[in-house]
Amino acid sequence: MTATTPHTRSIPADWRDFFALTKPRVMSLVIFTGLCGLLAAPGAIHPVIGFTAVLCIALGAGGAATLNQWWEADLDAGMKRTARRPLPSGRLNRTDARDFGIALSVGSVLLMGLAVNWLAAAILFFSIIYYAVIYTIWLKPRTPQNIVIGGGAGAFPPMIGWVAVTGDVTLMPVILFAIIFFWTPPHFWALALFVQSDYAKVGIPMMPVVKGERSTRRQILVYSLLLLPLALAPWLIGGTGLLYGIAAAVLTAVFVALSLPVAFRTAVADDRMLPEKRLFGYSVLYLFALFAALVADRMAQTQGWLG
Ligand code: HEM
Ligand SMILES: CC(C)=CCC/C(C)=C/CC/C(C)=C/COP(=O)(O)OP(=O)(O)O
């Protein structure tokens with residue numbers, strides 16, 4: 001895994017390859033949580049400024065994802081799940097990807113600072129560095145805690161959205177950060193359990209590879225249980241109404257329920273890993289629904305829908 005091995009086959013790239021570098025499917029949830037942070041924050045923001053803030057989160061996240069793939073092109077080439085990405089497949093050359101990633105990252109931070117506010121820009125800058133450097137270059141190849149610590153990068157967008165509106169960091173955006181931080185390990189380890197042979201092949205010390213399946217399964221349950229108080233915290237501190245409280249309780253109870261069969265089973269040969277796949281799929285739906293509930297609750301309160 002180095003940043004120096006060239007992938008310079010010059011098949012003409014088109015815009016779709018550049019778009020793919022931004023990991024659009026994964027980033028859709030990153031952008032959504034950023035938007036929800038913005039919509040749930042107290043106070044008003046001009047719609048054009050609000051749109052710009054979300055655009056900057058999207059561009060920054062895309063830039064960081066691009067730099068992640070620029071650095072990991074060799075690793076991605078060795079894994080079935082990632083081998084068809086634009087760099088390992090040779091559809092894009094590596095220097096172009098690096099320049100694209102830097103342009104998106106720098107552009108998004110500058111635009112955020114100039115058009116929205118500099119605190120939001122500073123947090124965006126830090127989250128890009130967190131994902132592209134701290135997680136990708138430093139933690140991922142070194143420790144099975146890579147996801148736990150590295151998960152911080154993906155937890156910033158709602159805080160950025162919130163700060164875009166309020167200009168300061170209060171308890172609520174910290175709680176929103178914590179929810180995604182503790183959601184990330186079960187989200188990713190559920191997937192790592194069914195693609196772990198890929199990671200082992202390229203020497204990435206993901207938890208199931210290093211500590212074994214049993215330990216990973218138990219840790220998934222621990223983080224899922226931690227989500228219960230955390231997801232309820234916005235309601236418990238009086239930051240939301242009952243609508244969010246009920247949604248958080250139900251959604252998180254299902255999360256824990258789906259973690260239980262993952263925690264207490266031993267995989268068998270030729271296993272289709274259905275509980276793990278189910279938990280991974282639900283983890284994505286969960287975060288979409290939880291953040292949607294946060295916004296619905298705020299709308300209900302400001303519009304007086306619940307009387
Ligand atoms: C260190 C943290 C994380 C890791 C290692 C991780 C890893 C992954 C991987 C490997 C996939 C499989 C799909 C793919 O290869 O594109 C995936 C899917 C996904 N992740 Fe994560 N993820 C992390 C954090 C997050 C965060 C913070 C979010 C959003 C808030 C997120 C949202 C998603 C979504 C929406 C998908 C499904 C994409 C699809 O439908 O193809 N992930 N994640
Ligand atoms: C605003 C901002 C900068 C947001 C960043 C959001 C963020 C860090 C999301 C994490 C998402 C992600 C795709 C992790 C994949 O891990 P990986 O790269 O190890 O996965 P891979 O094996 O698929 O390459």
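Cβ coordinates come from backbone N, Cα and C, glycine included.
TrEMBL lists 26-45, 51-71, 100-116, 122-139, 146-165, 171-195, 220-237, 243-267, 279-296 with the feature transmembrane segment.
Note on the transmembrane segment (243-267): residues 186, 190, 193, 213-214, 217-218, 220-221, 224-225, 227-228, 231-232, 234-236, 273, 275-276, 278-279, 282-283, 286, 289-290, 293-294, 296-297, 300, 306 of its chain, located 6 or more positions outside it, place their CB under 8 angstroms from a CB of the stretch. Sequence-distant contacts of the transmembrane segment (26-45), counting only residues of its own chain at least 6 positions beyond either end whose CB sits under 8 Å from a CB of the stretch, comprise 53-54, 57-58, 61-62, 65, 154, 157-162, 164-166, 172-173, 176, 180, 240, 284, 287-288, 291-292, 294-295, 297-299. Distant neighbours of the transmembrane segment (171-195): 33, 37, 40-41, 79, 81, 147-148, 151-152, 154-156, 158-159, 162-163, 206-208, 213, 216-217, 219-220, 223-224, 226-227, 230-231, 233-234, 237, 239, 255, 259, 262, 267, 273, 276-277, 279-280, 283-284, 286-287, 290, 294; these residues of the same chain sit at least 6 beyond its ends, with a Cβ under 8 Å from one of its Cβ atoms.
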